[in-house]
């Protein structure tokens with residue numbers, strides 16, 4: 001069953017009454033075309049039947065709207081008893097009114113029992129309205145009743161005689177005592193003077209100068225030659241040329257042209273060669289000192305051999 005069975009049943013009943021009104025109007029128009037004369041009594045009965053069909057649908061719809069306005073969605077859903085009764089009224093409406101009018105319009109005979117049609121319309125209308133009223137009463141009782149608001153208890157108004165000035169019982173005058181005069185201190189209290197605490201000056205610790213000894217020279221190797229060597233220095237290779245600062249990696253400004261390390265004279269280590277073997281500057285200085293000593297000794301021996309010859 002859907003969640004809005006009562007609302008759906010009420011809508012179907014209202015729609016059934018609207019269909020009944022349309023079919024009854026078609027029946028009367030067909031009877032007029034056939035030029036059948038009707039008595040005054042039958043015309044009045046037909047008018048009452050039509051009024052009953054027209055008023056039945058809005059009457060059921062109005063009663064449903066009143067219940068929904070007070071209870072809301074629970075009234076539209078309804079309970080089991082209300083749904084069953086409304087569905088039974090809908091079935092009676094379809095069987096008695098719609099089928100009766102359909103047979104009268106489709107058959108050869110155009111006779112119709114107006115009293116039976118009016119009775120069926122009133123039965124369905126009153127039964128549907130009574131079902132909605134009973135359902136409203138059941139749901140209203142089942143709903144929680146909110147607690148009534150407690151009225152605010154206002155304090156009783158005071159008696160005006162309570163605030164009235166009462167005269168004394170005896171007529172004798174009473175002495176009114178004045179308050180005592182304020183006490184005046186002879187000497188003011190001593191004022192305490194606040195002195196800030198002395199600030200302690202922080203002295204930084206004395207700085208100790210440390211002296212480090214000079215690094216000792218490598219034993220067994222002569223010191224490096226001076227950075228500038230004149231061209232007239234004995235033992236210098238005559239083909240020695242002055243090099244740029246980028247090539248003077250060891251400190252000597254001269255280099256032999258073609259002999260590299262094999263000729264007499266000063267020579268420097270190549271920058272490319274130093275990169276290949278990946279040695280430090282200290283190692284370069286040691287190797288350079290060894291090569292310089294070797295070249296000087298070779299030059300000295302060559303001069304001695306020339307002098308003997």
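Even glycines carry a Cβ here, placed using N, Cα and C.
What TrEMBL lists as compositional bias 'Pro residues' is 178-199.
Taken from TrEMBL, the feature compositional bias 'Low complexity' applies to 200-209.
What TrEMBL lists as region 'Disordered' is 32-52 (among others).
Summarising the annotation, TrEMBL assigns region 'Disordered' to 148-232 (among others).
If you look up TrEMBL, you'll see 6-27 marked as transmembrane segment. With a threshold of 8 Å between CB atoms, the same-chain residues lying at least 6 positions outside the transmembrane segment (6-27) that come near it are 49-50, 53-54, 56-58, 60-61, 64, 75-78, 82-83, 86-87, 89-90, 93-94, 97-98, 101-102, 104-105, 110, 112, 117, 121, 124-125, 128, 132, 135.
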Checklist entry - Looking only at the compositional bias 'Low complexity' (200-209), what are its DSSP counts of helix, strand and coil residues? => result 0 helix, 0 strand, 10 coil
